[in-house]
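One structure is given here, and the rest of the page talks about it.
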Amino acid sequence: MEFFLDPSTWAGLLTLVILEVVLGIDNLIFVAILSEKLPPNQRDKARLIGLGLALVMRLALLSLISWIVTLNSPIVHNKFFSLSIRDIILLFGGFFLLFKTTMELHERLENNHHENSENKNYAGFWAVVIQIVVLDAVFSLDAIITAVGMVNQLLIMMIAVILATFLMLLASKALTNFINLHQTVVVLCLSFLLMIGFSLVTEALRFCIPKGYLYAAIGFSILIEIFNQIARHNFMKNQSRRPMRQRAAEAILRLMVGEQNKKQQIKKIEINSQKTDSIQSSKEMETFKDEERYMINGVLTLAGRSIRSIMTPRSNISWVNTEKNTDEIRMQLLDTPHSLFPVCKGELDEIIGIVRAKELLVAIEKKIDASTFSSKILPIIIPDTLDPIKLLGVLRRAQGSFVIVSNEFGVVQGLITPLDVLEAIAGEFPDADETPDIIQENNSWLVKGETDLHSLQQLLNTEELIKEDNYASLGGLLIAQKGQLPIPGEIIHIHPFYFHIVKATEYRIDLVRIIKNQDDN
């Protein structure tokens with residue numbers, strides 16, 4: 001045992017342990033990939049048995065060192081090639097590794113491994129263990145021959161093999177979990193195994209490929225994959241800072257837009273193909289209609305909208321002024337296609353109450369004072385900063401009535417009905433006395449200045465309009481873009497659209513024509 005006092009013995013032991021770990025990594029990678037085919041509760045067991053058998057096999061082969069040394073003696077020899085027992089084992093192991101790795105790569109590239117865990121068909125436990133043992137035999141032989149070439153003492157070899165296997169056991173679970181969680185790493189590892197299998201075949205046939213080249217290629221690939229994982233980690237970290245609703249909406253809309261972009265290909269399939277199954281598959285691909293995409297987007301983006309973008313603005317509110325005579329009030333109620341009215345004294349900010357048109361008409365016929373009658377139902381007033389999701393609860397409590405939106409100074413900004421919320425989700429439903437906010441013409445859109453930006457953005461299929469929450473209408477956007485109220489005839493460019501001001505007063509923008517620049521499309 002005095003050789004343990006020799007520093008060169010410890011240096012050789014350390015070097016051999018490192019080499020054994022390096023030579024065992026490919027074995028460890030294959031064990032990790034094979035163990036994924038087993039049920040989760042059997043994977044650790046298979047991994048431990050696989051590495052345990054590798055240790056037993058290597059210790060057994062170490063005890064047969066004198067026989068292993070003779071494995072390099074040719075047993076098949078002719079003028080074209082010569083093969084030893086070692087070469088035959090390496091050749092068999094190389095082809096087996098190439099076959100298994102190719103099958104695994106094919107499965108990954110065809111995406112056949114993504115199945116429901118409840119319905120997934122797992123491989124048999126011992127079938128996986130046998131495959132691990134076969135590869136262990138090949139990798140063990142390579143590791144033992146390396147050990148024999150480096151160290152003369154059998155005890156040192158056994159200690160190095162035991163330590164290397166113990167280190168691999170410690171790292172095996174973490175490596176397995178990492179590989180299984182990162183599918184790009186799995187493909188990278190399978191590519192490494194392809195290279196290793198090819199090198200085993202060429203080595204068996206005496207075509208020498210310097211191991212340094214292989215290690216350099218593997219090291220460079222690992223470096224690139226590290227950069228890839230860092231980039232992905234930073235991307236996920238930046239994405240996590242964004243609102244969850246916004247990320248979910250974008251993901252779902254990307255899916256729907258992807259389906260929408262297939263329509264042209266679907267039509268070609270229907271025209272060119274005479275087969276019933278092709279036509280049937282093309283119909284199944286048309287999953288989402290434009291209206292469905294609009295509504296889903298409206299639901300997903302509702303929470304991120306402001307109350308101002310949902311409400312009917314102050315300028316469009318039809319209200320009853322109690323300072324008018326009864327004949328004027330009666331004519332207003334009969335001519336306006338609304339069933340509910342806010343009743344005010346002189347101006348909209350002086351709200352007395354909310355009445356139904358037919359009930360107020362009956363009260364007027366009975367000579368009942370409009371102010372007295374209207375004060376029975378007081379208005380529900382909400383701030384213009386209220387969250388749209390909380391607004392739904394307020395509308396439920398209103399029991400079919402509307403709610404008044406007011407700013408911090410008590411000035412009425414607009415009103416919201418359940419129909420306004422529905423329009424925010426499904427699009428515009430014009431009243432009998434209204435014209436549509438958006439009229440689509442040949443290659444342009446004629447849009448009212450008060451049109452909600454969210455609805456317009458969905459219709460134009462763009463994300464370039466809403467950059468801030470300071471404005472909710474098209475007019476507000478164009479005024480903010482120009483820095484002042486634009487005049488009729490002016491053109492404002494917001495990529496990829498041109499906004500032609502058709503009609504504007506000194507206070508607001510009334511009508512805009514939108515034209516998309518086809519060169520920017």
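For all residues, glycine too, the Cβ spot is worked out from N, Cα and C.
Because the structure is a prediction, the values reported are computed rather than measured.
According to Swiss-Prot, the features are:
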DOMAIN    311-370  domain 'CBS 1'
DOMAIN    374-434  domain 'CBS 2'
TRANSMEM  13-33  transmembrane segment
TRANSMEM  49-69  transmembrane segment
TRANSMEM  80-100  transmembrane segment
TRANSMEM  125-145  transmembrane segment
TRANSMEM  150-170  transmembrane segment
TRANSMEM  185-205  transmembrane segment
TRANSMEM  207-227  transmembrane segment
### Message
Does the structure show the transmembrane segment (80-100) and the transmembrane segment (185-205) touching, where I'm treating 3 or more Cβ pairs under 8 angstroms (sequence separation 6 or more) as a contact?
### Response
yes
### Task
Find the average pLDDT over the domain 'CBS 2' (374-434) in the predicted model and report it.
88
### Query
What does DSSP give as the helix, strand and coil breakdown of the domain 'CBS 2' (374-434)?
21 helix, 13 strand, 27 coil
### Query
Counting each residue once, how many in the domain 'CBS 1' (311-370) are helix, strand and coil under DSSP?
23 helix, 15 strand, 22 coil
